[in-house]
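Trainee: Got a structure here, written out as structure tokens. Questions coming.
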Amino acid sequence: MKMTRRAFVKANAAASAAAVAGVTLPASATNLIVSSDQTKIKWDKAPCRFCGTGCSVLVGTQNGRVVATQGDPEAPVNKGLNCIKGYFLSKIMYGKDRVQTPMLRMKDGQYNKDGDFAPVSWDVALDTMAEKWKAALKKHGPTGVGMFGSGQWTVMEGYAAVKLMKAGFRSNNIDPNARHCMASAVGAFMRTFGIDEPMGCYDDFENADSFVLWGSNMAEMHPVLWTRISDRRLSHPHVKVNVLSTYYHRSFELADKGYIFEPQSDLAIANFIANYIIQNNAVNWDFVNKHTNFKQATTDIGYGLRDDDPIQMEAANPNSGAMSSISFEEYKKSVAPYTAQKASEMSGVSEEDLITLAKQYADPKTKVMSLWTMGMNQHTRGVWMNSLVYNIHLLTGKIATPGNSPFSLTGQPSACGTAREVGTFSHRLPADMVVANPKHRAISEKIWKLPEGTLNGKPGAHAVVQDRMLKDGKINAYWVMCNNNMQAGPNINTERLPGYRNPENFIVCSDPYPTATAQAADLILPTAMWVEKEGAYGNAERRTQAWYQQVQAKGEAKSDLWQIMEFSKRFKVEEVWGEELVAKAPEYRGKTMYDILFKNGQVDAFPLSEAQELNDDAKAQGFYVQKGLFEEYASFGRGHGHDLAPYDTYHTVRGLRWPVVDGKETLWRFKEGSDPYAKKGSDWDFYGKPDGKALIISAPYEAPPEVPNDEFDMWLCTGRVLEHWHTGTMTRRVPELYKAVPDALCYIHPADAKKRNLRRGDEVLISNKRGEVRVRVETRGRNRPPEGLVFVPFFDARILINKLILDATDPLSKQTDFKKCPVKITKIA
């Protein structure tokens, strides 16, 4: 091949530069650009789009496109590291099937439930939506509409959604997909401490002597945090790592001791540890006497099923969250049956191993960090299980000090910052307030400038009940934003899909890709992703982080915030509030919901000139909307233990952990000297409770609603893998991640495979009375279940494994148990 001298010099320069970077280029690569002016990449910070760890990344943009990402070396969370998903963030927005225009089901030029998707304008899309919402409101009132949101919403998007639904439509039928992942953690925080979110922080990783993972595969689900545990373990020989799970996974590789237990028996193990602490005189009496009270939970509370379900009808106290005061002696008596022998019989873990674990909690010189995610939260007694672990830490006083931390890890980037802190749950308001409390409603109405009585005091429909109401025709207009619940939620065939396809209902899905949810909807709205908009997230350690918009969205895609605000412009106050309420605020007569909720002198208080040049949402509204929403929202928590810094501050730092008082973040809550809200002289102050005392709550073992039988003889557990996130909407569109793990597999014990004449790679039918899926078996690899259990991840849209999951919930948190249901495995010839 001939090459000119100019071409040779150019190629040689490129090859020399590549060699320095450790990359080999072909000598004929003459099309490479070597001018720095043409290759300059602009870098800016943003929190990662995936899990709740809250890693900060540097985002590289060029020519209006994200071209690279890297770990942020200035970030205290990840210290320059990323997991495999984080390294490919630059590709999540550029899938070939990105939805770029609204798509409405149509036939003969008109909307038709049975029609095919066709592109329409934003005006047609939103006008059609508004027509359907008005019809549902007229037919059913505020309960006739609903919204299912996300722990991936930005703080501002979630806050705007809460205002639209609870203040605008006066409907509490809004819930986030965090109901599926964090509701049990929230429930236990509120019951035990009277205030939500962890008291510890990530600094605990560098201070603990023992780590105990309760139903958490951190090696794959929180890999950056796992590196901190690994570093602590490998750098300090005395440190121990304990992993409890119903099956072997990658976190066991570092563990000093692994504990495989029978599904649901974690309740017995936790009660045994409490009993061991008492029997071995390891109670920290000074702490317990000064800082705790004892309660007994109501038992036999059912499983959150439909009222006419035979399993639910057997419960003596269905859905009861009542507690009664008890003495320490009564508490001692309640855990006494959970001996090492009894707990071993129930769990399958040896007595010796159980005692090994209990000793680490009981030793006053050992700082213990307990960590958990879905194994504990996705549990029909998840609130109880969370509380039982708090009991252990409270009995020993191992709480809210460096290295002593019961720590609930979150799975989504803003499950804390948006779902929990903003209050996008059907029963909550911002800053831990609830709709059922008249004082909380009054505070919210005052901040939002609403007439008295606007907010509805009855909690709305949570995630599972929303499905049932759609199926029953009680919710007729429904908006799904920033999640893929048709794939992620339970009992798809029986409850959810019939509701989506109910002819009475109009379903809207806002998403960047044609997910299973989008394909089951009637209208798809194309959504801006991640750095295509400005926003803020809140991570698992209470760290709030903000970012600027860095590129424009593809096609006609708009942010969820823009969609919510534009939709609100289509409703006059008289159409949604009714004459009686409008009469209390005659100045609002004739105004739109947009005028009342978002042009209220607070949200629109900051001029467009304060925003960055690239801020499509601010330009659309004519004011700095993100700052206005954030500052109005922050007013709920300031002075009430949820203090946030001024919005602009978050653009100059790598996040701050609330409460932020006088510019200083809080590392350990409830501890005098660390938490500004802890009273002087208190030592510990659990100020979420009126008397400043946390609760030690007695709760027994109770069986799951279904167990294996002769026909359905195997346990099924669902979950995630390292390479994919949730339903794979983003990660399956990254070629490298898709190629690494293209298909979900059924991980099965070799003995169970042999019984069924199965070999690795064989296709099987996994079935129960709710449905069936086809999947290939894997007898080796990262996940190794014990005999009697199979594990199947839920990222694969071709294998909707969650259709097999019963929509049973923890009756207190309303969170579904995705970790245990009976199935049978049949070989496909």
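Just so you know, glycine gets a Cβ as well, placed from its N, Cα and C.
OK, Swiss-Prot features for this one:
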type    : residues                                                                                                                           : note
SIGNAL  : 1-29                                                                                                                               : signal peptide
DOMAIN  : 41-97                                                                                                                              : domain '4Fe-4S Mo/W bis-MGD-type'
BINDING : Cys48, Cys51, Cys55, Cys83                                                                                                         : [4Fe-4S] cluster binding site
BINDING : Lys85, Gln152, Asn177, Cys181, 214-221, 245-249, 264-266, Met374, Gln378, Asn484, 510-511, Lys533, Asp560, 718-727, Asn802, Lys819 : Mo-bis(molybdopterin guanine dinucleotide) binding site
BINDING : Phe794                                                                                                                             : substrate binding site
Trainee: Which whole-number value in Å describes the distance between the Cα atoms of Lys533 (Mo-bis(molybdopterin guanine dinucleotide) binding site) and Cys48 ([4Fe-4S] cluster binding site)?
Mentor: 14
Trainee: Write out the long-range same-chain contacts of Lys85 (Mo-bis(molybdopterin guanine dinucleotide) binding site), meaning residues 6 or more apart in sequence whose Cβ is under 8 Å from its Cβ.
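Mentor: In sequence order, the residues whose Cβ lies under 8 Å from that of Lys85 (Mo-bis(molybdopterin guanine dinucleotide) binding site) (at least 6 apart) are Cys48, Phe50, Leu722, Glu723, His724, Trp725, Thr731, Leu737.
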Trainee: Near Cys83 ([4Fe-4S] cluster binding site) in space, meaning Cα within 10 angstroms, which of the binding-site residues do we find among Gly215, Glu220, Phe794?
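Mentor: Those close enough are Glu220.
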Trainee: List, in sequence order, the same-chain residues at least six positions removed whose CB sits under 8 Å from that of Cys51 ([4Fe-4S] cluster binding site)?
Mentor: Met221, His222, Thr410, Gly411, Gln412, Pro413, Trp725
Trainee: Kindly report the helix/strand/coil residue split of the domain '4Fe-4S Mo/W bis-MGD-type' (41-97) according to DSSP, in that order.
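Mentor: Going by DSSP assignments, the domain '4Fe-4S Mo/W bis-MGD-type' (41-97) contains 7 helix, 20 strand, 30 coil.
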Trainee: Between Gly215 (Mo-bis(molybdopterin guanine dinucleotide) binding site) and Cys55 ([4Fe-4S] cluster binding site), how many Å separate their Cα atoms?
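Mentor: Answer for this pair: 22 Å between alpha carbons.
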Trainee: Provide, as an integer number of angstrom, the distance between the C-alpha atoms of the residue listed as 'substrate binding site' and His726 (Mo-bis(molybdopterin guanine dinucleotide) binding site).
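Mentor: Their Cα atoms are separated by 7 Å.
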Trainee: Provide, as an integer number of angstrom, the distance between the C-alpha atoms of Glu220 (Mo-bis(molybdopterin guanine dinucleotide) binding site) and Cys55 ([4Fe-4S] cluster binding site).
Mentor: 15
Trainee: On a count of neighbouring CB atoms within 10 A, which of the binding-site residues Lys533, His726 is highest?
Mentor: Lys533
Trainee: Taking the mean position of the Cβ atoms of Cys48, Cys51, Cys55, Cys83 as the [4Fe-4S] cluster site, which residues outside that list, in the same chain, have a Cβ no more than 8 Å away, listed in sequence order?
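Mentor: Going along the sequence, the neighbours come out as Phe50, Thr53, Gly54, Asn78, Asn82, Lys85, Gly86, Pro223, Val224.
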Trainee: I want to check the contact list for Met374 (Mo-bis(molybdopterin guanine dinucleotide) binding site): same chain, sequence separation of six or more, C-beta distance under 8 angstroms. What comes out?
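Mentor: Long-range Cβ contacts: Cys181, Gly215, Ser216, Gly411, Gly719, Phe818, Lys819.
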Trainee: In whole Å, how far does the CA atom of Val721 (Mo-bis(molybdopterin guanine dinucleotide) binding site) lie from that of Cys55 ([4Fe-4S] cluster binding site)?
Mentor: 18
Trainee: Does anything in the same chain, at least 6 positions from Cys55 ([4Fe-4S] cluster binding site), have a Cβ under 8 Å from its Cβ, and if so what?
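Mentor: Non-local contacts for Cys55 ([4Fe-4S] cluster binding site): Pro47, Cys48, Gly71, Asp72, Ala75, Val77, Asn78, Leu81, Asn82, Cys83, Gly86, Val224.
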